[in-house]
């Protein structure tokens, strides 16, 4: 089974923009309530702080799924492996569970994919994947190397039409994972989401995250607020009806994007 789709890892804790005490407190609480999939990146400049928290938190390494991403500035042959080794040193790990290219290479596309593949062969990561790749780039990546790519982490929420990416995920056998899962709060304001939250006695964020989960997609959420961290994790005790799932999916007509690519 794809590691990110194991029950304990399908709800990931994102750490973008979390630093210092805010990161420490949020990550410790996330681990306390049950998060076991942690997402970071070289670009976030918080791998060392995450490593400190993980090194002192009483949970076995095998119970965690740690993902980091290689910064595009490190895609050169002379920088790639060294940057991954620096990430491992910062995280205080011998290897990460998932290593992603943070964005599609603008040049030397196939060669960069081979560097990612080599990182796995060298034992720096258990699995490899992509982030922010388009459908065409997913297909190109799939053809560039023989090693399975286990994920393409992309912006995904009800307000953005990602039907082409979902189609590409099936065609390339590279599943999607979501970031900006609630569109930085924008999706919470929609009347439909508010209405469903009242009907199911859940928060608007829980409705959206449940929609993502029932769509068969692993999600990553970030918050420094303990109540929101807890709510974002507690999405397994209810199911959205087929009609409600369809209605939420129709919000994609807004075509609202948080991250410009």
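All positions are counted from 1 along the displayed chain.
In case you wondered, yes, glycine gets a Cβ from its N, Cα and C as well.
Annotated features in TrEMBL:
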DOMAIN    19-251  domain 'NADP-dependent oxidoreductase'
ACT_SITE  44  active site, proton donor
SITE      69  site 'Lowers pKa of active site Tyr'
BINDING   102  substrate binding site
With DSSP assignments reduced to helix, strand and coil, which class does the residue listed as 'substrate binding site' get? coil
Reported as an integer number of Å, what is the Cα distance between residue 69 (site 'Lowers pKa of active site Tyr') and the residue listed as 'substrate binding site'? 5
What DSSP gives for residue 44 (active site, proton donor), in three states, is helix
My understanding is the cutoff is Cβ-Cβ under 8 Å with a sequence separation of 6 or more in the same chain; which residues meet that for the residue listed as 'substrate binding site'? 41, 42, 43, 69, 70, 71, 72, 131, 132
Based on Cβ atoms within 10 Å, give me the single least packed residue among the recorded positions 44, 69. 44
